[in-house]
Every structure is written in structure tokens, then in C-alpha cells.
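Asks: Copied straight from TrEMBL:
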TRANSMEM  117-140  transmembrane segment
TRANSMEM  147-171  transmembrane segment
TRANSMEM  177-195  transmembrane segment
TRANSMEM  230-261  transmembrane segment
TRANSMEM  267-290  transmembrane segment
Amino acid sequence: MSCWIQDFRKFVKAQGYQFPVANRLLFDQLIEGFALDGLTGQVSSREFLWMRDGEIKASYMRFSIDVHVYTAPTEALAEKAKWDRYLRSWSMDAKRTARPAFHTSSLWVRAEAQSELVPSTIATVVIVLVLAFLGMLAFTRNACLSLFVVIATLAVFGCLAFFMVVVMSWAVGPIEVIALIVFLGYAVTYSLHIAHRYGSDDAVKQGQGQGQGDMDMLEPSEIRFQRTMFALSSIGGAALGSAATTVGSSVFLLACTLTIFQKLGGVVFAVTVLSIVFALVPLPAVLLWFGPVNPRSGCCPMAAMAADPNVWKDVSERAERTTERVSRSFSQFQDRVSRSSATLELRSGGMTGLTPSEDAISISID
């Protein structure tokens, strides 16, 4: 503990005066001399005093507590709560001129900042993804394509966090969180361009020369393949070139001396590589399997199917054929039951000694 009052007590007694000093003028003279010549610990006592016009206005004391400087935020905040309770109790008994007192520490600042990092980061990520979804929806008017872009962005975000925390073993701090949030928007761009070109009206007019009139003759898988190939051929090269230039620029940051520039360079390098890989490999694969056949007709493939009258006509025809098959099967079942009943009547007549005649058989069958 660095307490200037104890050192001031020694200073006053060394001057031949009684402590505490009752005379105000004498106190001001002694405290001014103590501030100039006194030591508290290894530093000048003036560092602990706030003086104006020769009068002391405020002061502070330094305490060393048994808590590690890099302790977990929960433990640090629990220790801060103890000091809060102590100062509230002390202020209730202190004189009016001695309050209010407050405590501060760089440990409290770091713990509060880290405790707010996770919820604030999650909130920011959600806002960015929602805005990306709405922006993509405005351009493509298709919820499925927008959802695919958001999923690809989330995958990039997860891989980037894994790179920072696990691969590079960086402690999660303000710099890392800012890097994650800032470059999350950059991670959307490549996937957004691919999905936007997939939903373009020009996509169905390319390939083997089919026009819009030939589109109905193609299978859904052929349409998805045509749209995906158009997206990759029209924007894939430009996206790859953009990623290459960005990666090349980030390499120079890796050689910097300051840690902050090294980390930013590493994050730019990683997010660019991850974004272009997810935009050119997993996203086209998903579009080949689950991409909307006609993005402009609805928000998703199910909506497009529901709006297509041919689909409902086919469903109706299948339902009629199923009904006919069920009806025929039921008629055959009734015939078998009737023939079994006739056989039982004949056997019953034989067991009682009756000779069944043709009339009896006909009555039994009816």
C-alpha cells in the first residue's frame, strides 16, 4: 500500500510538530513542503496530491491486492464489487469534506471491457448479417440466395475466429474483436457477387445458346448448372483477381514491427482467402444442388412450385390415378370376399347331409 498520510505523519513529527495538525495555515505550509521534498514509496509525494494555490484539494492512495493482473473478468469484477461495497460503507461514516471517494484500476477497465466484448460482438454480427440478408434480398428478390450468402458469411466468420484464437493463439481483446467485425462485411462481398450473378436474367441465355423459350425444356438440374456456370464465368475471375491483390497487399503488413499491424495483416490475409474459397467452392456446390430454378418467380423453390399451375395439375392427375387404383383394389377385395362366402355355404350344406343344388348355389352367391 502506498499511503502518503503515513509518510506525511513522519514528516510532521520530524519537523517538531504534533500530528494531526490542527492549525489550517500550519497544515498548508507543511503539506506544501511535504509535496516538494517528501517521498511516498519510490516516487514523489506530489504524485498523490492534487493541489491548487498551495492548498490540497484531493488525494489518492495506491493499494496492491492479491489478484493477478490477467485474471478472468468474472473474478476481477467480483473483486471490484467488494471495493464498491467497502467504499459505500466508508462514505456513510466519512465527513462531508472527505466524500465522495471512488476507486479505479486498469484491471477494472479491462475486465468490464472484456465482459462486454461477447454480447456487443454478437449484436454487431447479427446486425451485419441482417443487413447483408436485406441487401441481397433487395438485389435478387430471392430469400434462398440471400440465405445461402448469409450461411457462407457465417462459415467465414467461424473459420476466421478459429484462425485467430486457435491457430494464432491470440487473446480475444479489443483489436481482435474490431478486426472480426470490420472484416465481416468484407467477407460478404465475394459470395454476394456469385449469388447475384446466379440469379441474373442473363444466366439462362448463356451456355449452349438456349433462349428463354427453351428454358421450360430443361431439367431443373440443367438450369442450376447453367446458372452456376454463368456466375462463375462472369464474375469468378474478377473475384479471384480482387482476392489476389488484397492478399498481396496484406503480406507487407505481416512484416511490420508493431503488433497491431501484424494482426491486421494476418486477419486481412485470412479473411480474404477464406472468403474467396467459400465463394468459389462450397457456395457453387450448394447452388448446383439446392439453388432456385427461377429466382425471379418467388422467394424460394417451394414458393416457385406453389405458384406454378403445372405442378398442381400434375399433383391432381397423380391423385386421380391413385384414387382409381385404390378403387380397383377395393372391388377386387369385395369379389374375393364374396367367393369365399359361397364356398363356405356349399361346405356347410355338405356337412348337414344336404345336397346343394344349382338354385342353392345361386342364392348363396347373391
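Using N, Cα and C of the backbone, Cβ positions are placed for all residues, glycine too.
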Asks: At an 8 Å Cβ cut-off, counting only pairs 6 or more apart in sequence, do the transmembrane segment (117-140) and the transmembrane segment (177-195) clear the bar of 3 or more pairs?
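Replies: Checked: the transmembrane segment (117-140) vs the transmembrane segment (177-195), in contact.
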Asks: Among 147-171, 177-195, 267-290, point out the range having the most Cβ pairs under 8 angstroms from the transmembrane segment (230-261).
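Replies: If we count Cβ pairs closer than 8 Å to the transmembrane segment (230-261), 267-290 scores highest.
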Asks: Below 8 angstroms Cβ to Cβ, which residues of this chain, lying six or more residues outside the transmembrane segment (267-290), approach it?
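Replies: Those are 144, 148-149, 152, 155-156, 159-160, 163-164, 179-180, 183, 186-187, 189-191, 193-195, 198, 221, 224-225, 227-228, 231-232, 236, 239-240, 243, 246-247, 249-251, 253-254, 301, in sequence order.
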